[in-house]
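Student: Per Swiss-Prot, N-acetylcysteine is recorded for C2. Taken from Swiss-Prot, the feature N-acetylaspartate applies to D3. Summarising the annotation, Swiss-Prot assigns methionine (R)-sulfoxide to M46, M49 and lists similarity to another entry as the type of evidence. The tele-methylhistidine feature in Swiss-Prot is assigned to H75. According to Swiss-Prot, the N6-methyllysine annotation covers K86, on the basis of similarity to another entry.
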Amino acid sequence: MCDDDETTALVCDNGSGLVKAGFAGDDAPRAVFPSIVGRPRHQGVMVGMGQKDSYVGDEAQSKRGILTLKYPIEHGIITNWDDMEKIWHHTFYNELRVAPEEHPTLLTEAPLNPKANREKMTQIMFETFNVPAMYVAIQAVLSLYASGRTTGIVLDAGDGVTHNVPVYEGYALPHAIMRLDLAGRDLTDYLMKILTERGYSFVTTAEREIVRDIKEKLCYVALDFENEMATAASSSSLEKSYELPDGQVITIGNERFRCPETLFQPSFIGMESAGIHETAYNSIMKCDIDIRKDLYANNVLSGGTTMYPGIADRMQKEITALAPSTMKIKIIAPPERKYSVWIGGSILASLSTFQQMWITKQEYDEAGPSIVHRKCF
């Protein structure tokens, strides 16, 4: 693509928790903001203050005390299209300050999403925002590209959904994809619950954001859960304190590793699913026996929920225990992995070979929204 921002493609990774958006060819997203739309709880409290009927992203976050916050993307699937349009509008006009009708736009989606979801995305892009061209890419595949590989298995854990996606020579293997509706938001809810057991009360949507911050700053994955529980019970070495916005200081101990342990033991929150180490193993076992070696040696972590300290070592330990004893197992945890989907999109959209892959406005007008299934896979 050209260096000027005039025809550069836009890359927008719509996560359940954060929107990452920017220009193809950049090495990091220009805009990262929460996928939140907030509406005033009480109409007319701020009469004459020029109060808006809705706020998006950081502005919604900063006014969360007077708003009800909603996430239009749940478990990686867009559930509220009106709010989603507001988020896209905010992305183009306020964050990136571009006219969408001048830029091809690459969007991302979770694997195994309903077909109607990507059709509606396509329709809104062409009909509401009038983009000249667009493409929908699978998030985990982009993460793998960002790590410089075309073969491997990606554990992509975000705020709304977690996936194990085996990719061979650049193509996701759909029959072996494992999807787990357990991710960052569930961990935040679980942390709210176990902090309440300690006597701290967090209930509102605004307080949930405080707990999310506690989770991001203080939680970690234990290498051996039982040992860590014993250590926490016998000494205060694992305790950390956190100052709430009102100045009150709370102490958290074993909650620090009990919260992310849920990824390995979903029964903690009453889910009957296998943990992320087992789903990764099951996913590999569904692949052809000849490529398993390549997958074991290329376990790539991606997404914000893989940012816990200790998660790579624990994955290594758990998968080694499941795999054949002679198998070489490698977990790759790139430091920029919370943005690796976006980075992969930036790489893909700026490749010269990709330029013929875009769905153009003309193709859309001829074939309608279903074109997306033929051109994006």
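Positions of Cβ are set from backbone N, Cα and C atoms, glycine also.
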Student: Using a 10 Å radius around its CB, how many other CB atoms surround H75 (tele-methylhistidine)?
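Tutor: Step by step: centre on the Cβ of H75 (tele-methylhistidine), count other Cβ atoms within 10 Å, giving 20.
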Student: Determine, to the nearest whole angstrom, how far the Cα atom of H75 (tele-methylhistidine) is from the Cα atom of K86 (N6-methyllysine).
Tutor: 19
Student: With an 8 Å cut-off on Cβ-Cβ distance and a minimum sequence separation of at least 6, pull the same-chain contacts of K86 (N6-methyllysine), or say none.
Tutor: V37, S54, V56
Student: Need the DSSP three-state call for H75 (tele-methylhistidine) to compare against my parser.
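Tutor: DSSP assigns H75 (tele-methylhistidine) to coil.
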